[in-house]
Amino acid sequence: MRTDNQSFLGDLPRDFILLGISGKPWLEFPLFVVLLVSYVLAMLGNIAIILVSRLDPQLHTPMYIFLSHLSFLDLCYTTTTVPQMLVNMGSSRKTISYGGCTVQYAVFHWLGCTECIVLAAMALDRYVAICEPLRYALIMHRPLCQQLVAVAWISGFGNSLVQVVLTVQLPFCGRQVLNNFFCEVPAMIKLSCADTAVNDATLAVLVAFFVLVPLALILLSYSFIARAVFRIQTSKGRHKALGTCSSHLVVVSLFYLPAIYMYLQPPSSYSQEQGKFISLFYSIITPTLNPFIYTLRNKDVKAALRNLLARMWRLCRR
């Protein structure tokens, strides 16, 4: 039997143990229920957003093109992590295979980077809509939206590929216990027994580029939007302009604040105990809340949902 000090340098680990909240077994059932309910709500809410964005002609605009991609990203986010967490919480054997772990953190980081850029594209859309309303249709045409979305997905894949190539080369020296709910690059770097300076530096550079640059563009867009809104003479006009941005700002805050805490620190100083709960927040809570944030404050989406439900009801009665 291998001991904790023996190396896997010529032999990959077969699986990893995901501790989750094994130290607090009394929390497992309540958390299982919360995760299950949240997962179902996230699936239903995001599928509904995608359907209405595709089926309602009034929502065939750049804003809803980006929103449907955001909902698809959130669907993939939750499906990448939550089913595995639910299986582990319902079992005494809380493991994930080495290959499954690799796929999980590869997809997770791909989706996370893609979402950063999609949120920046949505901020650009709001900037043009408020600051350049007469030129909106000319600037934010459908091909440009599709190109921005393609850039987001391709950039996210590139980021994930670099992270995977570096992470799979790390030796773990018999260490198989991850103090987390699922596999993430910072947790894998923390687990390794080798010098991880290259991994730390690469992660820091990629995070700075793919998290801070889109965030800077979002903040810049909203600084111009705020200046334009204050120039609007009527309070009704200001309220309408702010209403189109508030949902996006809430989603940006829910996504970026945990991500900045998680990734803008060296993995060597990464706290797995705190990090695993923050990971849990942006992997399930944020994707669950996003559809409600956009529907509760958006008359167009609520009207489209009512039309979709009425259409489905008529079909069921036939």
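Including glycine, each Cβ sits where the backbone N, Cα and C put it.
Bear in mind that TrEMBL entries carry predicted annotations, made automatically and left uncurated.
Source: prediction; values computed, not measured.
Quick look at what TrEMBL annotates:
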type	residues	note
TRANSMEM	29-52	transmembrane segment
DOMAIN	45-294	domain 'G-protein coupled receptors family 1 profile'
TRANSMEM	64-87	transmembrane segment
TRANSMEM	107-128	transmembrane segment
TRANSMEM	148-172	transmembrane segment
TRANSMEM	205-230	transmembrane segment
TRANSMEM	242-264	transmembrane segment
TRANSMEM	276-296	transmembrane segment
Listed stretches 64-87, 148-172, 205-230 vs the transmembrane segment (107-128), most Cβ pairs under 8 Å: range 148-172
Can we call the transmembrane segment (29-52) and the transmembrane segment (276-296) in contact, meaning three or more C-beta pairs below 8 angstroms at a sequence separation of 6+?
yes
The average per-residue pLDDT within the domain 'G-protein coupled receptors family 1 profile' (45-294) comes out at 84
